[in-house]
């Protein structure tokens with residue numbers, strides 16, 4: 001959204017936040033899609049749906065690190081890779097132990113090419129080919145037990161091989177089944193039914209300028225112990241030539257007087273008061289602003305007692321000044337409360353614009369977006385100079 005400068009003839013007794021006059025009065029409701037194509041191209045740490053937008057490079061021994069923690073690796077694995085690994089593991093164990101059974105029959109002279117005599121005692125009955133050995137391995141591991149092939153008391157080595165196969169494959173099945181259940185039961189899917197507003201707004205609440213976000217639970221099952229926290233990330237360069245870092249500042253949210261564990265049975269609006277302690281104090285124009293507001297909500301899922309966390313982020317373009325969320329909760333003739341989520345992402349212009357704090361925010365580096373971009377452009381050259389000097 002582009003800010004419209006005030007008229008030169010209009011009185012300006014106090015400094016007010018931008019955007020309070022930039023929307024057509026005939027269209028007070030704004031959709032949530034706004035500047036999505038433009039904002040999506042800007043850099044951000046978290047995507048709107050809470051996924052990490054950070055790429056980690058040059059990690060030595062990444063594969064070994066993942067193999068040291070196989071449980072997390074398999075649980076985090078995507079479904080298509082998990083299904084391929086699941087199928088390959090079972091088919092591979094069937095064929096591997098089928099080869100071992102075939103070698104056992106080969107050593108004992110049970111195969112057809114040896115033409116065993118009629119009184120020859122075999123280790124496994126009716127297993128005289130590689131195909132029969134594969135089928136016997138499959139039947140043993142899956143406990144099918146057709147009764148056509150069975151082990152005899154002739155070979156103690158066959159009994160040992162049978163015990164080894166059962167122990168290994170049972171442990172493997174327990175591990176794979178556990179990872180499948182853990183992935184299905186992850187509270188991440190429950191977090192997909194918790195919705196944040198597409199935009200954050202800034203308006204007066206209880207006579208104070210406040211940043212507001214709206215959160216809704218789209219399931220009937222309750223969320224226990226809801227806690228909403230925020231982090232304000234600002235890219236800063238402390239000194240010339242140093243690495244860019246993200247300064248993190250806490251942003252507190254509350255719901256009226258219920259600052260701890262609000263009851264999220266209806267869509268709620270969370271407030272952050274912009275006062276002297278707020279990291280957002282002094283911000284009046286989104287054009288030079290360069291920060292990202294991360295919002296996280298942690299709660300306990302009632303049916304499973306699992307801890308669930310949902311996340312989203314807001315860039316300066318996604319924070320609207322001088323707007324508020326319209327009411328979406330009404331009472332039906334049957335006496336039920338109705339939450340109309342069709343207006344969940346809508347915002348309406350406020351009658352009284354929020355007053356801005358004159359005190360500028362204290363940034364450790366006092367770094368603007370322009371100098372940051374210049375630093376990013378010259379950073380490869382500085383790295384090349386350091387490499388040449390070290391050589």
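The count begins at 1 with the first shown residue.
Backbone N, Cα and C atoms are what each Cβ position is placed from, and that goes for glycine too.
On a predicted model such as this, the values are computed, not experimentally measured, just so you know.
Range 158-182 is the one annotated as transmembrane segment, of 133-157, 158-182, 183-207, 208-232 (source: TrEMBL). Here TrEMBL gives transmembrane segment for one range in the set 17-38, 39-60, 61-82, 83-104: that range is 83-104. Looking just at the domain 'Inward rectifier potassium channel C-terminal' (194-355), the mean pLDDT is 84.
With DSSP states grouped into helix (H, G, I), strand (E, B) and coil, the domain 'Potassium channel inwardly rectifying transmembrane' (47-187) comes out at 88 helix, 3 strand, 50 coil.
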